[in-house]
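The next block holds one structure in the form of structure tokens; read it before the comments.
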Amino acid sequence: EEQDRLLQNQPDQPQNPKVLRIAIIGAPNAGKSTLSNRLLGRKVFPVSKKVHTTRCKARGVVTDEDTQLIILDTPGLTNQFKAKRHKLDEAMLTDPWDSVKNADLVLVLVDVSDHWTRNSLSREVLKCLSQFPQIPSVLVLNKVDLLKKKLILLELVTELTEGIVNGKKPEVRSAFKDNSSSSEKSPLQITQASPPENRDPKSHCLQETDGAQKGSSKDNSSNMRASESSLVTEEAQGPELCEPRDQKNRKGWPCFREIFMLSALHGEEVDTLKRYLLMQAKPGPWEFHSGVLTSQSPQEICNNIIREKILEYLPLEVPYGVIQVTEMWEEGPSGELLIAQNLLVPRKSHMLMLIGRGGKVISRIAQEAGQDLMNVFLCDVRLKLMVKVKS
């Protein structure tokens, strides 16, 4: 009831409100929902190792003093063939595009731990960026904690940006030694040359750090975290780079305004990205009351969290065929939330897998989902799950 009231009420506008609508796009399982949850400070969006955990666009709201960030967590950009394979709704194909169209800023998330996909942006992502070149975009390299050799990040930056960042050509003169042990001990920190609040408004993440700036680099040593790379930027040459052209031969996007490297799972450098996003907000009315954390209803949050656990514990394509039907949603005598949900599966073999030997699988799903729901709703939750074969 409180959530419904806050969503229906007019926002409590400050005197000089600022707002920024952010669309987070990327390939499935790049970590979009994990990053969204980190920015929000609480787990609101479902997270799983399996692709297509997020089934529809959902909005998260970060309110910081007079500034409101509206985070559009979107399904992973996919194509018709994959949508059919995973039994996905048509909305899974259109929602990311709708989110980008209505965004003030686009975050493109890339999983740098996936050596099969990290060297180029997916065709769907490039198509989306080319469709809306007027919307500022930022490249976010996620899961950098999983890389043993940080020098790989230099190669990825060059490939994913086509060597151009914010209209300039970055040149990197690395002081790394070629052996792997030194690269492990000296993490590469391109993006944190200086904290966002100290940056020149016209500068960008790949800042000049040698020569005249040697003195300032000492002051910012804590932000660079043992970075040993020197970065120089030169004006990019050539025609307008963001004009739509043949995407078949394109691997990167030369129009990114900034580059950030972080670990959304562990929260490393997420605060740096958050400060940058708050700085990009423009004057404009808030869309939500300051007490709102997400546009989702409590029932939607519940369904998403239960589905997250089903995806985690069922093999292959099985969980994508599960239908959730809520039978009970009410407040108990002591103020606890009582939830009963039926999980409908297409065949008996799926039911046996979901229940598990001695009911261990379904019990574990109910226990973990119930704990997550308590953390979200900040009250006691009693969750009962029943598995049935669809008639």
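Residue numbering: from 1, along the chain as shown.
Cβ from N, Cα, C; glycine included.
TrEMBL tags one of the stretches 82-85, 122-125, 142-145, 298-301 as region 'G4', and that stretch is 142-145. Between the stretches 26-33, 282-289, 290-297, TrEMBL puts its region 'G1' entry on 26-33.
Listed ranges 73-76, 249-252; the one TrEMBL annotates as region 'G3' is 73-76. Note on TrEMBL: of 37-41, 52-56, 62-66, the range annotated with the feature region 'G2' is 52-56.
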